[in-house]
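Student: Structure incoming, see below.
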Amino acid sequence: MVSHAEQTVSLIIGFMYTIAWSLSFYPQAIENWQRKRVDGLSFEFLGFNLTGFSCYTVFNCVLFWSKFVQKEYFEEHPGSPSPVRVNDVVFAIHALILTLIQIIQCIIYPKGKQTWHWFAKAITAVMWVSIGIAIMVASSAKAVTWLDFLNFLGLVKLVLTIFKYIPQAWMNYKRKSTIGWSIENIILDFTGGTLSILQMIMDSWAKHDWSLFELGNIPKVALGILSISFDILFMIQHYCLYTTRCEDRVITLWGIITGKYKSNKQEMRESDNEKVKVNKEKQYLLNSETVGNYDYNKIRSSSESESDLSEDLESITDHKKN
C-alpha cells in the first residue's frame, strides 16, 4: 500500500519535472526573438520535434482521458500504476505549442543558408505514412488494440528524439560553436529528465512493481534516459569544447525568470553613452573657474589606459595653473 507521504513526494517531483521540461522550451524561443534570427538552430531538430510531440500529446491525452484505453492497459498490466499523470498531459500539450511557436520564428526570422534537409523530410514523411497505416490496422484488426497504437506513437516519438538531437549536435560540431543554441534549454531539459526517471523509480518502489521499466511505459523511460544522455553531450560541447561566446546577445536563466535581457550591443551603447557623459563633464571642468573640484574617479573611469589618464589629469592641471 502506497503511503500518503510517498504519493505526495511523487506528485511534487512530477510537477517539478513538468515545470523544468516546460520551461526548457522558453530559452530557445526567447533567444530567437532577442537575436531576431535563427541561425545556429537546427531545422531538422524542430521538424522532428513537431511530429514527435504531436505523437506524444496524443499518447498522453488518450491514455489519460480514455476509459476504454485505460481498461486495455490495466488488463495487460494488472496492479500497475497509471503510466500517465496530469503533469505528463500538461507538458505534452505545452511542448507542442512552444514547438509551433519556434517553427513560426524560423519562418519569419532570417535563417541564413539553413534549410530543412531532404533526408529529414523523408524520415518525417515515412513516420506520418506509418502512423496512417497504424490507424487503419488498429481500427480493423482485432489482434491490434488501440493501446498498441498508442505505444506505437510513443515509439515514433522515441525514434524521432534520437534523430532530432543528432543534427543539432552535428551542427554544433561543424560550426565549432553553440551560439544560437540555448544552453538554458539543455540545463532545464536535463533537470526534467532526471526528475522524470526519479519519479518512476519512486512509484515502482512504493508499489513493488517494476513493470514501468519493462513494457508498460517504454516512451517515458527511454525518453528520459535519451534526453539526459544528449543533454550531457550538449553541455560538454558548450562548456568544454566550444567556449567562444562571440555573440551580440547574452541570455541568462535569471534573465528568463525576471524578464530582464541585455545584449552586448546594448551594454556597449550604454558604455559609450557613459563615456560621452564623462567627457562632457571633463570639458566642463576645463572651462570652469572651479576646475579644482574635479572628480578623479570619473576621469579614471573614462580613460582607456594609464597614459590617457595621465594626459587627462595633466591637461586639467595645466589649465588650473594658467
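Cβ coordinates come from backbone N, Cα and C, glycine included.
Remember, TrEMBL labels are computer predictions, not curated facts.
Pulled these features from TrEMBL for this protein:
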type	residues	note
COMPBIAS	305-315	compositional bias 'Acidic residues'
REGION	298-322	region 'Disordered'
TRANSMEM	6-26	transmembrane segment
TRANSMEM	46-69	transmembrane segment
TRANSMEM	89-109	transmembrane segment
TRANSMEM	118-138	transmembrane segment
TRANSMEM	144-166	transmembrane segment
TRANSMEM	178-201	transmembrane segment
TRANSMEM	221-242	transmembrane segment
Student: Could you tell me whether the transmembrane segment (221-242) and the transmembrane segment (6-26) are in contact, taking contact to mean 3+ Cβ pairs under 8 Å with a sequence separation of 6 or more?
Tutor: no
Student: Hey, which bits of the same chain come close to the transmembrane segment (46-69), Cβ under 8 Å, at least six residues off its ends?
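Tutor: Here the qualifying positions are 82-86, 88-89, 91-93, 95-96, 99-100, 102-103, 106, 116, 120-121, 123-124, 127-128, 131, 146-147, 150-151, 153-154, 156-157, 160-161, 163-164, 219.
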